[in-house]
Amino acid sequence: MNILNKAIVIAGPTGVGKTKISIDLAKKLNAEIISSDSAQVYRGLNIGTAKIREEEKEGIKHHLIDIVEPVLKYSVGNFEKDVNKILNQNSEKNFLLVGGTGLYLNSVTNGLSILPEADKKTREYLTTLNNQALLELALKYDEEATKEIHPNNRVRLERVVEVFLLTGQKFSELSKKNIKNNNFKFLKIALERNRENLYDRINKRVDIMFAQGLVDEVKNLYKIYGDKLYSLNIIGYNEIIDYINAKISLDEAVYQIKLNSRHYAKRQFTWFKADKEYQWFNLDGISEQEIVKTIYTLFNIKA
């Protein structure tokens, strides 16, 4: 596929300050923003996901916010298809992909793997095997992948065997092959802050969420969706549901949300650092205006 177009990725951990920079850059480039956040796709989940408010958009068009009900599953595959449809149908426009869900961003910039979807009949057969029989099959079909899996991890072992039974090819080989379904070249930008400052921003943001009415938001959603809301496993919602169900105190919920958010930020940082194509900017060492100016220049000189 010929590379004809360019787009920018603005990534980084939760609370780092992606929103302000992306808005300023979008205005400078006359660009549209594609939200790349696995939680902001859900309608009604506003405060807890730090969803951008209408007045904060400053007239910039945003995509993939509030597109599905919380009862519906929205996967990385859905995201990849939706984003590529937007990109490929509007190739003359400038786009910023902004968010912290690394798996989602990677599916667009590098493509999705060609591994087959789960097969019900194959899964039913594999559940009849005991652990030793399953392990022996996995070693037979794909020794390389199996050696990286704990012998008692049935889920991963079943997947190794399933892929071979469905395709006749090894999981370890197929998982390295991706299909990229767009003709865009991506300038990958990642934002960071010194850890102490980032964690302080996260803690303060959680306090603001509670002041804005997070508890009431979750209560209202829980009345509508019940445990289906809990199954989304979104930080800020599960903790409040536990509070609603008297499993923890409100103070404990606040503490857990802050702790889980900090842990999530650490995982995000690790994910993006592993991708060497990202160019990093530390917001504690350079102004937002300088970062926007630099990204603008990079975008216009990159072939």
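Keep in mind that glycine also has a Cβ here, set from the backbone N, Cα and C atoms.
The model shown is predicted, which means the values in this text are computed figures rather than measured ones.
Residues or ranges marked as ATP binding site by Swiss-Prot: G12, P13, T14, G15, V16, G17, K18, T19. Sequence-distant neighbours of G12 (ATP binding site) (same chain, six or more apart, CB under 8 Å from its CB) are K18, G100, A190, L191, E192, Q268, F269, F272, listed in sequence order.
Other Cβ atoms within 10 Å of the Cβ of T14 (ATP binding site), summed over all protein chains shown, number 21. The annotation substrate binding site is assigned in Swiss-Prot to T14, G15, V16, G17, K18, T19 on the grounds of sequence analysis.
Summarised as a single figure, the pLDDT of the region 'Interaction with substrate tRNA' (37-40) averages 96. If you look up Swiss-Prot, you'll see 37-40 marked as region 'Interaction with substrate tRNA'.
Sequence-distant neighbours of T101 (site 'Interaction with substrate tRNA') (same chain, six or more apart, CB under 8 Å from its CB) are S36, D37, S38, listed in sequence order. Here Swiss-Prot flags T101 as site 'Interaction with substrate tRNA'.
The highest number of surrounding Cβ atoms within 10 Å, among the binding-site residues P13, G15, G17, is found at P13. In the three-state DSSP scheme, T101 (site 'Interaction with substrate tRNA') is classed as coil. Looking at V16, K18, T19, the binding-site residues in this record, the fewest other C-beta atoms within 10 angstroms of the C-beta turn up around T19. The ATP site is set by G12, P13, T14, G15, V16, G17, K18, T19; from the centre of their CB atoms, other residues of the chain with a CB within 8 Å are G100, L191.
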